[in-house]
Amino acid sequence: MEKVKTRFAPSPTGYLHVGGARTALFSWLYARHCGGTFVLRIEDTDRERSTQPAIDAILESMEWLHLNWDEGPYYQTKRFDRYKEVIDQLIKEGKAYKCYCSKERLDQVREEQKAKGLKPRYDGHCRDDHSEHSPDEPYVVRFRNPDTGVVAFDDMVKGHIEFQNSELDDFIIQRSDGTPTYNFCVVVDDYDMGITHVIRGDDHVNNTPRQINLYHALGAKEPVFGHVAMILGDDGNKLSKRHGAVSVMQYREDGYLPEALVNYLVRLGWSHGDQEIFTVQEMIDYFTPEQINKSASSFNTKKLEWLNAHYMKTLPRAEVAQELKWHLGRLGIDTDKVAGPNLELVVKNYCERTHTLKEMAEKARCYFEDIQGYDPAGVKKWIKEGSVAILEDSLKVLQAIPEDQWQPEVIDKALEGVAAQHEVGMGKVGQPLRLAMTGTPTSPGIGDTMELVGRERTFKRISDAIAAFSAKA
Ligand code: GLU
């Protein structure tokens with residue numbers, strides 16, 4: 001069997017959005033499922049709309065999602081010589097021709113066709129034009145599309161699709177400024193790169209018959225196509241910025257794990273029984289394009305949140321910690337430079353208490369930098385007469401714990417002694433201490449919190465709190 005080769009071919013006119021990421025994922029999974037090759041190609045021929053920041057964002061998003069490519073990234077702008085060569089060849093063979101029609105003429109033809117109730121299309125005026133033209137007269141190059149017959153293909157997702165050639169006109173393959181067009185470049189590239197399967201958005205279905213005719217004109221066999229239906233927002237409209245985040249990197253900034261987003265995207269339009277949670281290996285093992293839904297799928301943020309919570313709890317802590325490090329970096333905390341707890345310990349304590357990595361980083365910043373004052377409601381509720389004495393006695397017993405025994409169980413036990421001594425419940429000891437440690441009355445168990453803060457810093461924070469709350473009292 002021929003070796004499968006798929007590709008993802010984004011146009012770098014903006015960030016990578018979830019629809020594009022899902023297309024990339026499906027192409028990647030199919031290549032991996034078949035033991036094939038996955039190519040990344042940047043379709044940047046539209047020089048006005050393509051930008052370097054968009055290219056960077058696409059590459060960054062693909063890397064973050066772990067969608068590694070085996071070849072590329074190829075850039076269409078680096079292949080102009082090759083396109084020119086093929087266009088010249090097509091012209092020589094009479095399969096393409098120069099069209100000198102002016103905009104005015106084309107507008108007039110369109111108006112006449114509309115008036116007759118016909119679908120506007122190029123009328124083939126220059127097909128057999130052999131008149132002389134001056135070298136500076138502007139022209140485009142058009143592909144000579146067959147006049148009759150049917151173009152048919154068996155789409156991996158949508159099934160059999162047919163178009164009448166009489167419906168298609170001679171489309172432009174080279175603009176008047178000499179640049180080649182998308183429908184042309186995509187065919188030359190997929191052909192040259194040996195792409196066997198094209199998985200892409202179904203907004204390209206109408207381009208496919210044109211592209212197939214072009215393959216045939218090049219004496220090539222077309223790849224197998226699979227057109228994936230679009231993604232809708234929760235309200236049934238096409239997914240757009242209005243629905244919140246749509247760019248992959250925005251999801252990262254919002255604190256989602258790449259594993260959660262990938263798992264979410266694979267289920268958005270593809271299923272394997274009623275399984276919801278897939279490891280990457282399971283996705284690769286089970287993925288076939290035939291199981292992609294024919295109809296559009298709706299984005300469901302709640303489900304993504306649920307998957308994120310799942311992966312925060314179940315992924316190896318080192319992996320979650322890696323992502324947490326990135327989020328702390330965004331808060332201005334470089335964990336390689338500032339003193340603080342081991343990140344895996346933070347993950348252990350917070351993976352069940354927070355829903356996103358962004359939230360985890362915000363909660364954890366107090367372990368890396370000084371606390372910014374005390375939560376007034378917390379102070380009002382928990383700092384009472386006697387609290388300062390409790391803090392002072394806590395400090396004494398904690399200072400008696402040696403460095404090598406600075407562990408949650410030992411700390412908790414010592415503080416239980418303080419509660420007993422003052423004849424109060426643990427809340428009256430733990431809450432003022434939480435305020436001292438984090439500035440807020442919510443944190444993991446007090447022993448765990450102090451382990452995160454660290455021994456010396458714990459003493460300093462209790463002393464600071466004693467000073468602050470004594471002044472208040
Ligand atoms: N560059 C095209 C786009 O971003 C994709 C072309 C294709 O997959 O054939 O829509």
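Yeah, the Cβs are placed from backbone N, Cα and C, and that goes for glycine too.
Remember, TrEMBL labels are computer predictions, not curated facts.
Feature motif ''KMSKS' region', per TrEMBL, maps to range 238-242 of the set 68-72, 158-162, 238-242, 288-292. Note on TrEMBL: of 10-20, 76-86, 439-449, the range annotated with the feature motif ''HIGH' region' is 10-20. Secondary structure at Cys99 (Zn(2+) binding site), as computed by DSSP, is strand. Excluding Cys99, Cys101, Cys126, Asp128, which define the Zn(2+) site, the same chain contributes Tyr97, Lys98, Tyr100, Gly124, His125, Arg127, Asp129, Arg142 within 8 Å (Cβ to the Cβ centroid), listed in sequence order. Under the three-state DSSP scheme, Lys241 (ATP binding site) falls in the helix class. Summarised by DSSP class, the composition of the region 'Disordered' (112-138) is 4 helix, 0 strand, 23 coil. In this structure, the binding-site residues Cys99, Cys101, Cys126 were compared by how many other Cβ atoms lie within 10 Å of their Cβ, and the smallest count belongs to Cys101.
Each residue contributes its Cα atom, and for Cys126 (Zn(2+) binding site) and Lys241 (ATP binding site) those atoms are 43 Å apart.
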